[in-house]
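Colleague: What TrEMBL records for 119, 194 is active site, charge relay system. The active site, acyl-ester intermediate annotation in TrEMBL covers 218. Feature annotation from TrEMBL assigns substrate binding site to 168, 194, 215, 216, 217, 218. If you look up TrEMBL, you'll see 73-537 marked as domain 'Amidase'.
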């Protein structure tokens, strides 16, 4: 008992030190802003913050807008949003030095002088990448990840790191070190996750361009919940160097991508990143520069669409968002073709859950070993259970709660042969999906996006609701999110009849999570085939414009 008490005390000491560092970061930001305002009292920060990224970067490059005016305008706004939402974990004080260096050297990259925010899990030299784990505190990264290196070479100034949920396997944004992050649109709602700190900061206007990662919707949930845009590229189109070694790789592919208020900002970011620096720093990234011709094309598109995946019943607002977008696209001269999704339940349980927990949860247990936070309680308990107990539980639960039964079954430890078979099955599914796509002669796909933002705590109860997003991690297709509408009183009234497809505890909880959301944004997903990010962005731009 004494040893356990000493161990817990040591962990809490590390947590308190990290929280004090976070508080000091906010104080440093406040002092930097105060000092700037005293020296430049006439600077109109509101007008700077209102500029879209393409216009801002143009003014920075031609010298009509001083670098420090933009930098401190965003530091001030980020400080305000951090105070309201608890989204920032650390201020990168060396950004002030980089600012002065950029002024002296004048090397004009595409993102020259643009302040950018970085998700906790993406390495920045000299700073922790905690993933919400106490054990990762006081272990600063030895070097910048490739994405951060390329950003710096393009003139961007990373100035803050943002909060994440513990282990990144949640679409909420809470950990034991830095606490809960709140949605800037409504503080009783989650900002989404796992790039939730980025979503809150960009959605609140405290960052003009943010970077996160996506392993099952971790970019797309925060974008949809906070009313902004994002692009999850094909897994290897952009790649962080380390990302602090997540405990899974294939078959659910992780991607790094940008978040911004509009699609043109995402396109500018991709232009900047898909350069010789990216290709030389990471030889696993294919040397495919940004294809301007595809992005700027005005040819009518042939667009597949579906309103539901027949696994997670869409809310009335989600269904309406797809229908209204479909009608607008048709009116604009595009061809819309119904696309029939099949076996999403099999894909979800066997490929996604089964792929992530192919070792029976052993890697998950290792990551949480020596941690105080056991917030993924059910998965943690199942991971510790032997295979025979999982089999018995799955068999008992099947007649009453079939989805729980499938989750338990998918968490059984696999043999090497079974893992190889799983990879082969995923490959076969991908080929079949692409064959169906090609048969319909599609360019892109319009899909629902889960929303609006849930109340805090609901994502932890609704892990099964990620089916709309995780599908495109399993397929490794580029997928973007664009907000298109808001929840109306009519949606809220229609929600009273919501029952779900399984009518189980999860469906009843999902109905509660959707309620009371009038005025919150609802988005759609825009999807393209692998390596066609430019086409995906072009489609997103069309949706945004309409």
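Glycine too: its Cβ is placed from the backbone N, Cα and C atoms.
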Colleague: Under a criterion of Cβ-Cβ distance under 8 Å and sequence separation of at least 6, what residues of the same chain contact residue 218 (active site, acyl-ester intermediate)?
Modeller: 168, 171, 193, 194, 195, 212
Colleague: Write down the Cα-Cα distance for residue 119 (active site, charge relay system) and residue 217 (substrate binding site), rounded and given in Å.
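Modeller: Cα-Cα, rounded: 15 Å.
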Colleague: What residue among the recorded positions 119, 168, 194, 215, 217 has the most other CB atoms lying within 10 A of its CB?
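Modeller: The residue with the densest Cβ neighbourhood is 194.
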Colleague: Roughly how many Å lie between the Cα atoms of residue 216 (substrate binding site) and residue 119 (active site, charge relay system), rounded to a whole value?
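Modeller: Just about 16 Å between their Cα atoms.
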Colleague: Take the C-alpha atoms of residue 119 (active site, charge relay system) and residue 215 (substrate binding site) and report the distance between them in angstrom, rounded.
Modeller: 14
Colleague: Cβ within 8 Å of the substrate site centroid (168, 194, 215, 216, 217, 218 excluded): which residues?
Modeller: 169, 170, 171, 193, 195, 213, 214, 219, 221, 254
Colleague: Just to confirm my parser: what is the rounded mean pLDDT across the domain 'Amidase' (73-537)?
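Modeller: Result for the domain 'Amidase' (73-537): average pLDDT 93.
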Colleague: Compare all C-alpha positions of 168, 194, 215, 216, 217, 218, the record's substrate binders, and send over the largest distance in angstrom.
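Modeller: Greatest Cα separation within the listed binding residues comes to 11 Å.
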